[in-house]
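**Q** Next up is a structure, given as structure tokens.
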Amino acid sequence: MEARIILLRIQIPWSANRQFSHPPLDFPRFIRASSSSTSQKPKTYEGPKPRKNLVADFISKNDDLVRSLPIYVGGASLLAVLFNRTVSGIAPVADASSSQSRADLLALGLAVTNLLTGLVWLSIRPKSITPVNPKGVECKVVESDLPASMVSELLWAWESLKVATCCKSLVIVYNGICLIQIGMVAESPEDKKTVIVKTDKLMQGSVYRGVMKSKAQSYLANLSLYPGRSELPFLPANTQAVILQPLGDKGIAVIGGNTIRGFTSSDQAWISSIGEKLDATLGRYFVDSDEISRVTV
């Protein structure tokens, strides 16, 4: 009430000549929104665009021409030197006291070097590395005694490897039991059935014992070059690369890929992290199982 009385007592002086400021004419007073499709522009990427390397693009598209270019340059240089000696009237026999002869000999040496370089470039070509289709059959074998949580954990590991890497086959052996065999597997030539993992034979092999002894990840970047290939008969015949990841002291994960040197350093680190997680989960499960079996006995 007191506040109202105070406001009523305040008198604002009124002047008839007072001028009120008007907004500038160019100031937009109204903003209209239109929902018509013609006024909407398609959204495009407006950030920095990657620069194109024109030289690299030209070389990749004209590989044969670039490799044979030193031959053309060397041949043209050789013909130019011979034509110069013929036209200039210099004796065809090289004279050590003549500066022209010494320059021609140097030019001939460079021309021959270009010719040899071109021949080497044409004869030596890098082998293109492309993914292959594994020769085998799809397989999904999971240990029946595992609880649903463990099966979900193993399937998560498989999906993670399949999506993020070139993994096409996965075998996990822990505590002497093959917990899961999933992905592409070899096919038996006799009965056309899948080749199941034989844990006893695998654990007796030098590959398994070497990994468990070193307790470190083993990366076979080109599987065909390693004699231990015969110890992994359950993998497809054309498996290109294999990673052997130890799972603590009691297990191993065999990961097969379809590309030579297809597993990058980040893939190997990711596989190591998955291996540590699986080792912790499987270790707790088997410890609990042993305690339960002891109590029941």
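Placed from the backbone N, Cα and C atoms, the Cβ positions cover glycine too.
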**Q** Quick test of your reading of Swiss-Prot: among 104-124, 146-166, where does it put transmembrane segment?
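**A** Result: 104-124 is the stretch Swiss-Prot calls transmembrane segment.
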**Q** Using a Cβ-Cβ cut-off of under 8 Å, list the residues of the same chain that are 6+ residues beyond the ends of the transmembrane segment (71-91) and lie near it.
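**A** Beyond its ends, the transmembrane segment (71-91) has Cβ neighbours at 98, 100-101, 104, 107-108, 110-119, 122.
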